[in-house]
Amino acid sequence: MLAETLILASLSSYRAQLLKKAGLNFFVKGASFDEREVEKTGKTKNPKELSCFLASAKAKNVSERFPEALVIGCDQILDLEGQVFHKVKSIEEAHQRLCILSGKIHSLHSAVALFQNGQEIWVEAFSAHMSVRPLSSEFIERYLARVETDILNSVGVYQIEGEGIHLFEKIEGDFFTIIGLPLLPLLIKLRHFEVIDG
């Protein structure tokens, strides 16, 4: 067994909810750094590799503060034709984002990393491909009025488990990858390391 204590290095309530529903016992400790500044120190511009870099950076940051624990780091990158998009800060930005995504296919790269004692044990990214149907500006306004600021927590300004499903005509990929935590591969690793019952 690697560790008795499991820590999620993410303040995302959605990720914590997924782990709780899967029956995991864990603590939540957010990474203490400016994500955009750390991103600048990365050696890659590749969106999928960047998601791994950021997931690892978060896990390492928390792991160095809690060396005995096994730390889960996560990150999700929205990739539209190689361009990286981050979370928006306002409903106005959300409207602009949906106008950009309208009628196009983008990818969500969700990475998960495991660290202990500041050392990487595992990191991997998984991708989902999202085909957004053509959206009128009026529909986007009505959609945003209904979902309000909830969607500001989502890099794609949609929550696939709610009304966000109406934005798409096709989705290829795992549900958990879209939510931002590749749960099945993570559980396989946790069983392999005898952190959870297997």
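Yeah, the Cβs are placed from backbone N, Cα and C, and that goes for glycine too.
Taken from Swiss-Prot, the feature active site, proton acceptor applies to Asp75. Contacts of Asp75 (active site, proton acceptor) defined by a Cβ separation under 8 A and a same-chain sequence distance of 6+ are given as Ser51, Cys52, Leu54, Ala55, Lys58, Ser110, Ala111, in order along the sequence.
Cβ contacts within 10 Å of Tyr14 (site 'Important for substrate specificity'), excluding its own Cβ and spanning all protein chains shown: 14. The site 'Important for substrate specificity' annotation in Swiss-Prot covers Tyr14 (among others).
Around Gln76 (site 'Important for substrate specificity'), the C-beta neighbours below 8 angstroms that are at least 6 residues distant in the chain are Ser51, Leu108, His109, Ser110, Ala111, Val155, Gly180. The site 'Important for substrate specificity' feature in Swiss-Prot is assigned to Gln76 (among others).
Here Swiss-Prot flags Glu161 (among others) as site 'Important for substrate specificity', drawing on sequence analysis. Taking Cβ-Cβ distances under 8 Å and a sequence gap of 6 or more within the same chain, the neighbours of Glu161 (site 'Important for substrate specificity') are Ile179.
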